[in-house]
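Read the structure below first, then the notes.
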């Protein structure tokens, strides 16, 4: 019997960087105001690329040296797809020539990558099989650029992993996926309204967020989900090498580390450079750490996400 493992990670960010000072030219804000509340200094904004374009770049990097025909599954976690249909994953499939892959998008907002990784691990049962799991977002198209409470937070980007079913021992050790639909009103984007026939197609609603409630949710529920995940695996907090969090707000990461009574060094962050890239953030962070040699084969890692739904998720993985 063989088991699924993360064989490779990759990331892709648009070239165009927008600093806090740049934003202060178009809205009432400042570098100090943004940094002290979020930890963000800059973010990448797509100019001509859509979500599928970012995801395709990641997929091509992941499949370098691999036979695309051997890919069984492509999942793209996104809340900012190119269109309602076709799925972003189908566009990725066509671009890389993965003709045998089942393809679909998964929408769980900022928990999406962890959700997608768990789904892929459970679906990938063919020995030697491969899956592409990608988080990709162009959130800039859902932002109200006059609303400083949300516009300063988000950036565009993509990250992903190649999962292979060829390990001789388990690498995906435990997971917890949670949803709290009664809290949905605290974070939303992209709503449409029913239109009487033959009413016009309406624009998508921009981000709306109750920051105080989302902060409260994240700093309480994420530690609970992580603790439950580790208990399922019989692993202690101190045994985990890295906690790779959804990069929403540096203050949230610090508070979760404090609640778990763990050193902040175990919670690496790149939010200062990229902002909140939603479903892409954990994958971007993992790829960046792997490139720098800070996440290596054998490391015990917790991937954790939280966001719209509201949702929270944790996955314990041996790299």
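We count from 1, first residue shown onward.
Glycine too: its Cβ is placed from the backbone N, Cα and C atoms.
According to DSSP, residue 110 (active site) sits within a helical segment. If you look up Swiss-Prot, you'll see 110 (among others) marked as active site, on the strength of sequence analysis.
The DSSP secondary structure for residue 246 (active site) is coil. When other Cβ atoms within 10 Å of the Cβ of residue 246 (active site) are tallied across all protein chains shown, the result is 32. According to Swiss-Prot, the active site annotation covers 246 (among others).
Take the CB of residue 276 (active site) and look out to 10 A: across all protein chains shown you find 24 other CB atoms. In this structure, residue 276 (active site) is part of a beta strand by DSSP. Per Swiss-Prot, the feature active site maps to 276 (among others); the stated evidence is sequence analysis.
The average pLDDT computed for the region 'ACP-binding' (247-251) is 93. Residues or ranges marked as region 'ACP-binding' by Swiss-Prot: 247-251.
The Cβ of residue 110 (active site) lies under 8 Å from the Cβ of 246, 248, 276, 278, 279, 281, 305, 306, 307, 308, 311, each of these being in the same chain and 6 or more residues away along the sequence.
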